[in-house]
Amino acid sequence: MSSPRQEDQCSTDGLLREFEHCVALGAQGAFLAWNFFAQNQSLDLAFSGESPGWAGWGYNPIGDNMIGSSALIAFRNATGAHLHLYSITSETYTYRSLHPSASNSTPDLQLARTNWIKISGASIQFSARIKFRSNSSRIFHIWTRGTGVNGDSPLPHSVTRSSELRGRGTLDLANGTGVLGKAPSLALKITHGLLCAASWGFLLPLGAIAARYLRRFDPAWFYAHECCQGLGFLLGTAGYGIGLSLGAKSTGIEYTTHRRIGITVFTLGSLQAIAFFLRAKKDHKLRWLWSLYHRTVGYTVIALSIANVFEGLDIFSPERAWRRAYIGVIAGLASMAALLEIARTLKPQLFG
């Protein structure tokens, strides 16, 4: 879990040296030192991390996940240095709103006392005594950091830097050993986002533009339309599958709106693909009904897809450049469609 050079800091740092056990946690330059008292399930601990805003350590009784953990988070705000206990639930994680526990306790542990807090530059250290509500010397724990706070509420940490996601593992409090856990795949999340944005959020709108404004170039418009829609559906299906996999791996985390819109988009997109093979011939008396259905479902899928891309960006919270880039792409498509619509209105003979 740590290198010999890192372990040396446990013996040279005076704040950590006074504890019986000390380990370098192996992510974010963090260290944890402690004395464990099995008779009353209490733990005197000292945590040391590097962060410009806040740093925290937490305990989870059922797994090395952020959801379900009780976390000690230290930071400095306008009123000074603080250490608070927070209960991280699926609701607080989803809505990114953390508030200190009013009673210094959660269902899993109690903050008995704060020993000290030391914040200097990017170094954040704190010591406290906690009491576990269940009997166990082998625990799951998590740790991470963030760039700032709003009052007593830590702002969300980055989900695009792997170092902020690797802070998880198991700890044997009795013998002083720990194992670093496996972080969720950042590459899968990025792949899911890129595939869905490129397919549902770009190729499908582009295909709709081709179908509406390029009919003069028959049959080229049809092939352009079907190429964009077909490729978009295939890539979108892959992105949808990755999303389901990520959801299955994210125990206790459910982004309800994003999930429901995604399922709706995929279902309607699948119906569109089936309808393509069941379409009536051009001279059939019910062709108009099929065309009305096709356009209505198609535009609904496009609107929901674009909305869900932005929903995903809100969840993932990447660098602002990603959001700006997608806004630029959508603005470009919208401007193109608006100009073509004006031209189509003024000179309909040019559009077939």
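Note that the numbers count up from 1, one per residue, in the order the chain is shown.
In case you wondered, yes, glycine gets a Cβ from its N, Cα and C as well.
Quick caveat, the model's predicted, so the values are computed rather than measured.
Feature annotation from TrEMBL assigns domain 'DOMON' to 28-146. The annotation domain 'Cytochrome b561' is assigned in TrEMBL to 156-349. Annotation comment: TrEMBL describes 192-214, 221-241, 261-280, 292-310, 325-343 as transmembrane segment. Among the features that TrEMBL reports, heme b binding site is placed at His192, His225, His258, His294.
Here the features listed in TrEMBL are painted onto the structure.
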residue : record              : DSSP class
His192  : heme b binding site : helix
His225  : heme b binding site : helix
His258  : heme b binding site : helix
His294  : heme b binding site : helix
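Under DSSP, residues within the domain 'DOMON' (28-146) fall into helix, strand and coil as 6 helix, 73 strand, 40 coil. Through the fold, the transmembrane segment (261-280) approaches residues 196, 200, 204, 226, 229, 233, 236-237, 240, 243, 286-287, 289-290, 293-294, 297-298, 300-301, 304-305, 307-308, 311 of its own chain, all at least 6 residues removed from its boundaries and within a Cβ separation under 8 Å. Of the listed binding-site residues, namely His192, His258, His294, the sparsest Cβ surroundings within 10 Å are found at His294. Remote same-chain partners of the transmembrane segment (292-310), defined as residues 6 or more beyond its termini with a Cβ less than 8 Å from a stretch Cβ, comprise 196-197, 200-201, 204-205, 208, 236, 258, 261-262, 264-265, 268-269, 271-272, 275, 279, 323, 326, 330.
Taken as a whole, the domain 'DOMON' (28-146) shows an average pLDDT of 88 in this prediction. For the heme b site listed in the record, the two most distant Cα atoms among His192, His225, His258, His294 lie 27 Å apart. Taking Cβ-Cβ distances under 8 Å and a sequence separation of 6 or more, the neighbours of His225 (heme b binding site) in its chain are Gly207, Ala208, Ala210, Ala211, Leu214.
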